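Structure first, then comments.
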Ligand SMILES: *Cc1c(COP(=O)(O)O)cnc(C)c1O
């Protein structure tokens, strides 16, 4: 059986280092906002060429607090792709703001910059981009629009740790919101997230927001939250961060095997000059996706669907998003994620290619 993912096998190479760092945290007697969080924040900033990293409790919280830091007014609008994981849209709603969905490009699966301007109104305050599956968005036209209309940029980097657009890391074009959910390219052994920024005021605000609105104990300047990355997760993340480039290179190498060998009847991800995709997910499209998924399972290959239900079709959104989004819909109906874990070998992937290319229905 080739599994889609296996979190134990994925983390096994790091077990010894995890255990040693965990022992230090245990013995230190200091478990929330201490030196391991600080150290990880510093190292992640270096990795990402960001001035600051602020550890928070999850990827969703990183998005929620990023928006909160701008102090937008109730019912202000935020542009967001119609093709994303629901968390992106939830963060806007939780801030009392209105999500304005924009269709993706059918080849990149990311927000289509050409369709943004028509959705801008005098209430639009920000564009929340999502570097989906690890593929960076086309940032140049998006930054031009943001400048022209004076909009903030928030990047959902939950699937794109280390991805680059013409040599620049994602999470440095605006505010970056990262998730360290265990399956992500940089995954913890529990929940975690971080915000990256080059702005001193945003950094100070998010440092307060994550800790009850306080920078000095028992003095609360803002209406804050409890959203802190804990010392234990930070120590695991700090270990894994050292290997993130290896993880990325391994996944890109596996992606290359798919790209070079998969039949063209399966729609492969697009690779464009200047875009460094970190392949959090290797997604193909195929018209009879469900049948293909079933066939692969019969041949002992597990796959996933990211995602089976489009945000605008979710029960929770029925009174919030009322328009139709046919491109997003089409992607949701045809997309299929193939195995591409750090623990998979080249032979695993060659086996997947062989089986899938033999599909004759
Ligand atoms: C995983 C993910 C999130 C949410 O991250 P959590 O840490 O699970 O809260 C947000 N956006 C995208 C695109 C994601 O893939």
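In case you wondered, yes, glycine gets a Cβ from its N, Cα and C as well.
Annotations in TrEMBL come from automatic prediction, not curation.
Remember, predicted model here, so these are calculated numbers, not experimental data.
For 184, the entry in TrEMBL reads active site, proton acceptor. In the three-state DSSP assignment, the secondary structure recorded for residue 184 (active site, proton acceptor) is coil.
The N6-(pyridoxal phosphate)lysine feature in TrEMBL is assigned to 184. Counting Cβ atoms from all protein chains shown, residue 184 (active site, proton acceptor) has 20 others lying within 10 Å of its own Cβ.
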